[in-house]
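Have a look at the structure below, then the notes.
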């Protein structure tokens, strides 16, 4: 957000590709606006360490130098990966505690503690000339958080009294009525499954869900089970948190995976990554019997203590099916919850509005359907529609003491990153990939003797990813050959024309006979 | 199923591709076993007209001639599409009514009426020398079906008394405790949404869900709304059902879409296809503002009266988000149901077991996780594990009077069909598509003068779907050129060697510098 010559950036996340974005690993924001105004950017303030809030940072930091404000915990979780991605960059971390007030030009930023599915999560209150702009960040109101650190609801109320101009609110769970269960509620569900399991208990969750892991250690200790961790990311996070005291593992409970064979199955629990069915994750490889360090066996119980991120459902179900087929019982639904969400339900969203009593409202974390449902809730709380804004990427909201309106578009959008790590895969490249992915590619080489203006040898056809009926390429050859030999010497020397003719001929013939539309790539070889 | 020289086939469905099956439209069974034994196949018996039970028929009928046994309704729904796909085939339909007993060699088949989310649905009881083999097909026990035609539970009980050797049961909803709501329950939910809607009401559901549409017409009539239909398949089904009396549309309620503009918005309802987010469907096109015949506008309400088929979730949410952005309120969850499942819940599955009292049990409709949960239910009802079979494609279950065991594998599997309609896209083709889809393709042409054993002209690079950094192909050119010019005349004439060298060189260089792995296609042009 910007006032005058001061810009503060709240979070810098990534998102995941849709199924048309072939070959794309992650999607990051277009930073053009920030680069154009880089001398105004006072800092990036991180609410918490989830990928959708910090994963875009390496790409921003390649383009501008800017201090990163965050908690000690957030820094601990993200520093190593930032350094891996930016080996030559001096990172300017500035650690805050909730309640600090950080000057950022004429603006100031106050992080306010609030609960979520990761430790040390904050809302951000930014003081401007016209009042407080309050970003909730991701939040829920959990009155029994695992680390005992409650949301500072009094501070939210004080900010409300001081004057909140606009509340930019999480809206992810606006579809859910009532009040969400506490993270602590999971203990009961897990305890029940642990109690029933005759063999090993495996549990998969998000690698950053420290409090979930904390509870697994506690329950395992209660029941006399040792806990090993599978999955590099999860192990790193646990190491870091144990070192800094953000997780308290009961003494003697944590073992290394290679020590696991020393214990009988009913004395073992395993924490594992792979809750989104990621092909390279430990869990998916175990489900295929392809993970060297651990094999699934009959009598195992896997607790799916996560939720599918939309788009991953099919991969997750395939993993679960394979686990069942290996004799593993998979618990993915339970009357006592084995997973709870980190996002506020309807009554919690209303409580945030009630506490902060903002003049304007804008749901910012959620899809359009969530934003629209949030608007319905606001309407029910007495907010007229003109005081609730449905934000769109790149359309700024302009506010002063007396009014607010959506301004002119600034550069914004999605930048695609593939496994090269270089952002900027273009729409043209994606279009080619999608075309080839559908029906394959047919390459036609046409060797032309440019001096004589004749074919230097016969055209040749090569296809990959193409499933045409037998003889179709021979038929295409005949038509192309006839076409080329009917051209005059000068026409044959016109390589653009030849390319166009060849491509057109082949496409039409193939489509007519097979209904397939492979990408046709004509290559003129001039000899 | 087979006894001696007699084979009867129950249903012949299709499934949908997973996300790795690029360019694939549908997946059908491998019919090799049936083709090898075609003189023994007495008929295909269709339980109902859903695609996952009839969609594979055209591909079977291309390979063998066989009578199709089904109800009048099923025939009406599938005949036209079968004729379109098999224009030169004489279709041998044989119409049955529930309760008929159809001789099939030494076997006999008795369809038994049972309820589901499509009219005229049957289980199939096959009498063998060793007892009755009972396929439930898809079913639920709905005591208030929209057409009033109840499941013949008494007949199931009689079959049980006669002696059911094995029950092959639906297990799709085995995860759901209790008893599923009746299709009639949807009326209340729909009535509520219709009552609250100020503008037009749109409703999307599966095109074969005749009873859902019946209820929409009834409620629309009650509320003084006219109903138009968008989507060819839905329209065809409604026409057929109206003609044959399977749907009773209140007089004057059905209008054509082009008549809709004559009515005010609050007097209109629209039925539409597209509940799975299919890109070419009316609903998806409307959500993008690209459907010529109907535009979404503020004040519209869309009822999502369906469930996502796994894998389609992301496409469906995108559609719903776009509709919200156009000002359409989308109702996709509701305390009073706006969709119910057509599959039996746990207590219904148990009731089927209780009625039929089979000696053996095998869940056959459902994924592995459903099969395993079904086994738990059976265990709780006193079935020892050796009497419950987890079936796998291609592994026959062999039974006689005294025993049952899984036999030797017969040819089976999945056959992939693309938009050419020709089955049999191979794994090699898919592998190429996946490789190219990920990082693109680089084609290297090497013109060689075979007589002289020298390069006829310079090698050339062409890339599609490839997102390499600037200069990468120039660098590859240099390395390839150096490699080729260092070869002797004879080595250069060895085209396999040249291909291998070029491909290897380019792959290694590109991967080392960019971490990308495009498919490299070397083409030797001999001149």
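Cβ coordinates are placed from backbone N, Cα and C, and glycine is handled just like the others.
Here the structure is a predicted model, which means the values were calculated and not measured.
Copied from TrEMBL, the annotated features are:
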BINDING   A:23, A:25, A:418  Ca(2+) binding site
DOMAIN    A:29-190  domain 'Metallo-beta-lactamase'
BINDING   A:48, A:50, A:52, A:53, A:116, A:138, A:365  Zn(2+) binding site
ACT_SITE  A:170  active site, proton donor
BINDING   A:207, A:208, A:209, A:339, A:340, A:341, A:342, A:343  substrate binding site
ACT_SITE  A:343  active site, proton acceptor
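Among the binding-site residues A:207, A:339, A:343, A:365, A:418, the ones whose Cβ sits under 8 Å from a Cβ of chain B are, in sequence order, A:418.
The Cα atom of residue A:52 (Zn(2+) binding site) lies nearest to that of A:207, taking the binding-site residues A:23, A:207, A:340, A:418 as the candidates. Averaged across the domain 'Metallo-beta-lactamase' (A:29-190), pLDDT for the predicted model comes to 97. Cα of residue A:23 (Ca(2+) binding site) to Cα of residue A:342 (substrate binding site): a distance of 30 Å.
Highest local Cβ density among the binding-site residues A:53, A:116, A:343, A:365 belongs to A:116, counted as other Cβ atoms within 10 Å over all protein chains shown. Ranking the binding-site residues A:208, A:209, A:341 by how many Cβ atoms sit within 10 Å of each one's Cβ puts A:209 at the top. Taking CA atoms as the reference points, residue A:25 (Ca(2+) binding site) and residue A:50 (Zn(2+) binding site) are 17 Å apart. Cα-Cα distances to residue A:116 (Zn(2+) binding site) place A:341, A:342, A:343 within 10 Å, out of the binding-site residues A:208, A:341, A:342, A:343, A:418. Listed in sequence order, the residues of the same chain lying 6 or more apart from residue A:170 (active site, proton donor) and placing their CB within less than 8 Å of its CB are A:136, A:137, A:138, A:139, A:343, A:344, A:349, A:363, A:364, A:365, A:366.
The DSSP secondary structure for residue A:208 (substrate binding site) is coil. It is A:340, among the binding-site residues A:207, A:340, whose Cβ has the fewest other Cβ atoms within 10 Å in the structure shown.
The Cβ of residue A:342 (substrate binding site) lies under 8 Å from the Cβ of A:116, A:117, A:118, A:138, A:140, A:183, each of which sits 6+ residues away along the same chain. For residue A:209 (substrate binding site), the nearest neighbour among the binding-site residues A:48, A:50, A:53, judged by Cα separation, is A:50. The most densely surrounded of the binding-site residues A:52, A:418, judged by C-beta neighbours within 10 angstroms, is A:418. Nearest to residue A:207 (substrate binding site) in space, judged by Cα atoms and limited to the binding-site residues A:48, A:50, A:53, A:418, is A:50.
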